[in-house]
Amino acid sequence: MNPQAKLVFVTSLLMGTTITISSNHWIMAWTGLEINTLAILPLISKSHHPRAIEAATKYFLVQATASTLVLFSSMTNAWYTGQWDITQLTHPTSSLILTAAISMKLGLAPFHFWFPEVLQGSPLTTGLLLSTAMKFPPITLLYMTSQSLNPALLTTLALLSVALGGWMGLNQTQTRKIMAFSSIAHLGWMTIILTYYPKLTLLSFYLYAMMTATVFLTLNSMKVLKLSTLMTAWTKAPSLSTILLLTLLSLAGLPPMTGFLPKWLIIQELTKQDMAPAAMIISLLSLLGLFFYLRLAYCATITLPPHTTNHMKQWHIDKPINSSIAVLATLSIMLLPVSPMLATIV
């Protein structure tokens, strides 16, 4: 892709995100979401492969539908209350429509079907943007309207997302699809706590974005798109494979790592809100996700390729680790000791 064109699209993405997260008026928020959608489409379809074109088409149709619902929700609320302010979304029907629209934009179950297909058709760098940066504006809208949303509905969507994200990721062999189902499951964790402790949703999103960025950048550096390629990666890039192993364990939420922090705080807050059954169910469902993270980690570091291979042997050259990967990996693995400080900031 032409560097000037790429610069225009990335700048538009930043501008669209900034407009949405800093707006008070629904029309401005909607405008920012539309700019984001239009800016990411060329980045999805830049390879001109039929699957990439299909992914861009699916993404456009889903996002256009969701944007229409956002506009419809805000207009309904303005009709009944005379308010266009985002924080004044008080009408129950508008809240219901908005929840459906944002769920569709984020890829929350049961509106998740487009996300794995779109991620599979996109390059890894675009997949990283779709999994992190493109989720930020809708999550800020949820954050601003959290006091008006229906807690029972959000809890149901969250449990469904964690269940489907874990269950459907079990049998995947493509790394991008596994990361898509991982994203759906993590969104469930963010959604379940939204009405009770909205700042915890944002903290959870920031840590998820950091860990996902590390995984995507590492996979991109190793040029890994499927598990069979990952199995031969250890001999070529042992240091990157080690980083991938530790980050995946962090993403799974195992205790010594950073990923345990949001889950720990969310379970603690749910218990305080007399939602111990929901906390227990979501914790058990996250074990499904743990299985496919361990599978990825096993393929990355423990399996070695058979000695009687038919493919051409490659030189054993350990690829240099990018400084951004090094910084992100350190934060993704070792942030748990400073959790009391993070908790006070939140």
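Positions of Cβ are set from backbone N, Cα and C atoms, glycine also.
Under the heading domain 'NADH:quinone oxidoreductase/Mrp antiporter transmembrane', TrEMBL lists 23-288.
The domain 'NADH dehydrogenase subunit 2 C-terminal' annotation in TrEMBL covers 290-342.
Taken from TrEMBL, the feature transmembrane segment covers 56-75 (among others).
If you look up TrEMBL, you'll see 95-115 (among others) marked as transmembrane segment.
Taken from TrEMBL, the feature transmembrane segment covers 152-171 (among others). Residues 96, 99, 103, 108-110, 112, 116, 177-178, 181-192, 194-195, 275, 278, 281-282, 285-289, 291-292 of the same chain, all 6+ positions outside the transmembrane segment (152-171), place their C-beta atoms under 8 angstroms from a C-beta of that stretch.
Residues or ranges marked as transmembrane segment in TrEMBL: 178-197 (among others). Note on the transmembrane segment (178-197): residues 106-109, 112, 115-116, 119-120, 127, 131, 135, 139, 142-143, 146-147, 149, 151, 154-155, 157-166, 168-169, 172, 204-205, 208, 212, 215-216, 251, 262-263, 266, 269-270, 273, 275, 278, 282, 285-286, 288-289, 292-293, 296 of its chain, located 6 or more positions outside it, place their CB under 8 angstroms from a CB of the stretch.
What TrEMBL lists as transmembrane segment is 203-222 (among others). A Cβ distance under 8 Å defines the sequence-distant neighbours of the transmembrane segment (203-222), meaning residues of its chain 6+ beyond its ends; these are 124-125, 127-128, 131-133, 135-136, 139, 175, 179, 182-183, 186, 189-190, 193, 230, 233, 236-237, 240-241, 243-244, 247-248, 250-251, 258-259, 261-262, 265-266, 319, 321-322, 324-325, 328-329, 331-332, 335, 342, 346.
Annotation comment: TrEMBL describes 243-266 (among others) as transmembrane segment.
Taken from TrEMBL, the feature transmembrane segment applies to 278-304 (among others).
TrEMBL lists 325-345 (among others) with the feature transmembrane segment. Long-range contacts of the transmembrane segment (325-345) within its own chain (CB-CB distance under 8 A, at least 6 residues past either end) are made by residues 203, 207, 210-211, 213-214, 217-218, 221, 240, 243, 246-247, 250-251, 255-261, 264-265.
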